[in-house]
Structures are given as structure tokens and as C-alpha cells.
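Pulled from TrEMBL, these are the features on record:
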- 1-116: region 'Disordered' (REGION)
- 9-24: compositional bias 'Polar residues' (COMPBIAS)
- 54-72: compositional bias 'Basic and acidic residues' (COMPBIAS)
- 152-177: transmembrane segment (TRANSMEM)
- 154-583: domain 'Major facilitator superfamily (MFS) profile' (DOMAIN)
- 189-207: transmembrane segment (TRANSMEM)
- 219-237: transmembrane segment (TRANSMEM)
- 249-270: transmembrane segment (TRANSMEM)
- 277-297: transmembrane segment (TRANSMEM)
- 309-329: transmembrane segment (TRANSMEM)
- 385-404: transmembrane segment (TRANSMEM)
- 424-443: transmembrane segment (TRANSMEM)
- 464-483: transmembrane segment (TRANSMEM)
- 495-516: transmembrane segment (TRANSMEM)
- 528-550: transmembrane segment (TRANSMEM)
- 556-579: transmembrane segment (TRANSMEM)
Amino acid sequence: MEEHRSTRIESSTGFEDISRSNLGTDIDRDHLNKTVGTNPDTEADIFIPNSRMDTGRTSKEHGNVNEGKWNDSDSIDTEPFPGQGIDGEVLGSSQTTTLAKDDVDVEAQGEKEKEDVLRLEREKEEHDPNLITWDGPDDPDNPMNWGTKKKWFITVILGLMTFVVTFASSVFSTATIVVAELYGVSEEVAVLGTSLFVLGFGVGPLIWGPGSELFGRKVPLFFGYTCFAIFQIPVAVAQNLQTIMVCRFFGGVFASAPLAIIGGALADFFGPVDRGVAVCVFAAATFIGPIAGPIGGNFITQSYLGWRWTAWITMILAAGFGTLGLIFVPESSHPRILQQRAARLRFETKNWAIHSKADELKLTPHTILQTYLLRPFIMLFQEPILLLITLYMALIYGILYLFFEAYPISFQQSRGWAPGLSALPFIGILIGVLLGAGTISWVTKTRFARKLEKHGKVIPEERLPPMILGSFILPIGLFWFAWTSNPNITWVPQVISGIFIGWGILMIFLQGLNYIIDVYMWHANSAIAANTFLRSFAGGGFPLFAQYMFNGLGVAWATSVLGFACVVMMPAPVLFFIYGARVRKMSKFSPSA
């Protein structure tokens, strides 16, 4: 007797950046409900980078596929080309049906009409003997069934890859003065070597998001990572400034592949609570990299190796960790795995009607324009939650990259430290980032897990308490740094202030990202794409005025201005914690409205 199959939808993301990140894809509620039969009111369980939907898989018998449905509430698979306004062909075993996807919210439909549509789609899917899905809850090909050690080993490798690309974003900042003197330009122009790389972080996810849906995780991830490593070579051997700038920008575009894809990969094989911890590891790597860049880069630049070896060292690290990942990191995209299985069965059985959900839809130019390019910016200016949280995250992201120019001014110029030693105070920020990751991991494994177990779901505003705490900690650290920067005061308290800066930045950034994901669920990837684009411009733009700001105002007042800006943004998470549910009800894009 056939067992009824249920599905469950969870919120998803990308870090990009941690990346995205998954920062360039999105799921349309109307299309998803029509295709799958999912409850649109289901709330998010945990921070994950790509919305996924798990379905039962049938097993092959005599060249056909028998139905053997099963229930799984922890993992999620989607069709590979989700998006609003898709015009595609749905290929069945004996016919081709054209579906027109209208850009209409599910809530606008009558409940009875919606239920009829969902019922018909479920019946059609359940009686399709050629649809390949998972072969029961213990299917060994399902990434959710990988062993715990394997999952965490893969997570560590992906974290190391993330570390390298973010390390590359800031390591060049230590060569700013040398490059300016070498090519006869101002330091502000030389800073573009850092800024353009970070700007590439904002552009890249528009490519890698759709790429991960078309080709799975592994192909775009390692293609981008390989190109990132290759672009370090022309930087290292460049004979003019133009070559450096162009290659730094494209290096950033390709380096954003891990930031846009790895978050989704973690969602492929981790359950809700463990996924929250894994994402903290990923987020920590995203911030540890740019903090470690100036520390290592300063010693490299001042050594006999010279500034060009900042690029060679980056390439060597990328090649080493990339090779490790290429060997040990398998494909984890559920739709891609099922698509490969269907292709294998078609070849083995000569039954050309066998297919997976990924084979049913075709990506169109309209989908790319609407979903990946236009909708993120429409949401940014229409959604107050997305706009304010994104502005807050852009501010702290810009502060982080601005400090790569400000710390040398404070410790090298004001205190007279040697260039290599002047980068060591970044260790304070590094400790703070680790402390922030530990704090969020603890909250996720305790308070959040208890609420999830008790209620079955957690409202988006439950993400905000750590962010509220971080919003108080960060300005404390900034004012502390500012008014202990006087050279007549010992360096110890100024370095300690970095712990609070890093702690606050990590908690605001990660929980802000989590909140956006949980609020916009179905449209989360469009929201994250807009968020990534804006904060990448802040991260690339802030260093450009660091010299003017800190030399003109002095370290104390320049840092105080940043502290006051953070104070202005402090009410945002508090207001959304109190009134977030009411604001969500007015949203056109939040399924929890």
C-alpha cells in the first residue's frame, strides 16, 4: 500500500559571503506550491543557504521505477531552476506539458483553489512511475545520510577554502604603500587593489548562484576557485598597475564562488541544529581570513620575499586546499545527484522517460532577468526589514575593511611600531570573532534548539537577541579603541578593544543574515543577493576614504564617528524584535506575513 508522502520547507541561505552567501537564487512560493505541494505557512527552522525540498525516491525494477515514498523532515530538495515567472517545459513519461508560472503570491489565491492545485500536482507526481527520487530514508546517496565524521571533515575543508579567498581580499592592503611608491600613484589609488577585490565579491554571486542550480555545487565551486587561484599569477608578475587592478577585481569575482555556494552545500547534508553550528564555522572562516590577511601580509611585505609574494602565498594556499577539496568534497546538491542517477538509469535500462525533477524545468532569459537581477533590488527598496538590516550589515562590513587601513595608521604612524608588529593588534579582533562564533553556536545548541523541539518552529525574531547584544558590544569596542589610541596611553587597552569589535561584528553580521533568511524564506536568496551587493560596495568603498578620515580627524575622533554611526543603527534589531511580526504582515515577500 502506498504511503502518503509529506514535505517540509525550511529557510535557507548563503556567506558569502558567507557568502550567499547563496546569494543569487530564489524560490517562488506559487511555483513551489504548484509543483510540490508544500504548506506555504511553514516557518524556518534554522539558518541555511538554499531552500531545499526532500521527496521520496522510487526504486528501479525491470527498467521502470516503482513507487516507494517516504517522509523526511530534516532535508530539503528543490527543482534546480526555481524562480518567479518561470516559463518552462515539464517533461513527463509520455507527454510534454507547458506551465506558465505567474508572479502571484499564494496568499492571493483562494484556499480551495490552492488545495485543488496542490492535490492534483501531488497525485500527478505520486503516479509518475518514471520520476526518480530518494530510495527511502536510508538512501546512501542522500547527503543527509553521510557519516558525522565525513560531514565535519568536509566542513573543515570548505572552511579552509573560504579562509583563503577572504585572506586574499585583505592581504594586498599591506602592499598599498609599496605599490604606490613603485608605480608613482597616491596611496588612495593603490587602495583600489583591496577595494576592487571586495567589489568582485558583490558581482560574483550573480553568476555563481544560478550556476549552482544549473550544475550542482561542485562544478561551479571548483571552477571559480581554480580561476581565483590562477588570477593570483598576473598580480604577482604584473609590470603595471592596470594589470594588478583588473586581475584583483576578477580574482574577487571568482573568489566569491565559495562564499556563494558553500552555505548551500552545508544545507545539503546537515540537519537544522548541526547546520547552525556548521554555519558558524563557515562565518568564522569568512571573518578570520580578512583579519589574518594584514597580519601575514605585513611580515611577507617587509621580508626579503617582497609584496609580490602576497599573491604567490595566496596561490599556493588556494592550490593546496583546492586540491584537498577536489579530492574529498563530493557533489552534495540533491537535485544534481538525482539528475545524475536518472541519467544513469536511462542509459542502463534504455527507458528514456526516466527523469528527475531537475530534468523538468528549463531556465529562460526572463527567469534570469526577473529572479537574479531585478527582484533583489526591488525587494531592497520595498522591504523595510531588508533595507535597515542590510544598511546595518553594510556599515559593520565597511568598518571591518576600513580598519585594515586604520590599524596601521594608529599603531604604525601614531605609536611608531614597525610595519610587521603594527598588524599584530588584529589578533584582538580575531579573538572577538571566535568569541562571537562560540556565542552563537551556544545559543543555537541550547535556547534555539529547545524552542525548536518544543514548538516545531521558531519565529524569525528569535534570531535577534544575539544581534541586539552585538549592537551594544560593537560601539563599546569602537569608543574604547578611539579613546585609548593616544600614544601616551599603553597599547594594551587599545588592543583589547579589538576583542569587543570582533565580537560585536560577528554577532550582528551572522544573526542579521539569519534573520533575513527566516523572514523572506521563499525569496531569501534574492534578499541575500541584494544584501551582498550593497555590503560588498561598503566593504570596497570604506577603505578609500580611510586615509582622509583618520589623518584629518585623528584616530580618536575618526573611530568615534564610526561608533556614533553604530549607535544610530542600534535601535533597528530592537524595533524588529518588538514589531517585526507586524512589519512582516505588510510584506509582499515574506511567507510568514
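Note: Cβ is positioned from N, Cα and C throughout, glycine not excepted.
For the transmembrane segment (424-443), the residues of the chain that approach it from at least six positions outside its boundaries are 276-277, 280-281, 283-284, 287-288, 291-292, 294-295, 403, 407, 411, 465-466, 469-470, 477, 491, 494-507, 510-511, judged by C-beta separation under 8 angstroms. With a cut-off of 8 Å on Cβ pairs spaced 6 or more residues apart, the transmembrane segment (189-207) and the transmembrane segment (249-270) reach 3 or more such pairs and are scored as touching. The stretches the transmembrane segment (528-550) and the transmembrane segment (385-404) meet in space: the count of Cβ pairs below 8 angstroms, excluding pairs fewer than 6 apart in sequence, reaches at least three. Sequence-distant contacts of the transmembrane segment (385-404) (same chain, six or more residues past either end, CB-CB distance under 8 Å): 169-170, 173, 194, 198, 287, 290, 293-294, 379, 429, 471, 474, 478, 501, 504-505, 508-509, 512-513, 515-516, 519-520, 527, 530-531, 534-543, 546, 562, 565-566, 569, 572-573, 576, 580, 583-584, 587, 590. If you look at the transmembrane segment (277-297), the same-chain residues 6 or more away from its ends with a CB under 8 A from one of its CBs are 15-19, 47-49, 151-152, 155-156, 158-160, 162-175, 259, 262-263, 266, 270, 310, 313, 400-401, 404, 407-408, 423-424, 426-427, 429-430, 433-434, 436-438, 440-441, 444-445, 502, 505-506, 509-510. Sequence-distant contacts of the transmembrane segment (556-579), counting only residues of its own chain at least 6 positions beyond either end whose CB sits under 8 Å from a CB of the stretch, comprise 385, 388-389, 391-392, 395-396, 399, 402, 406, 461, 464-465, 467-468, 471-472, 474-475, 478-479, 481-483, 485-486, 508, 512, 515, 549-550.
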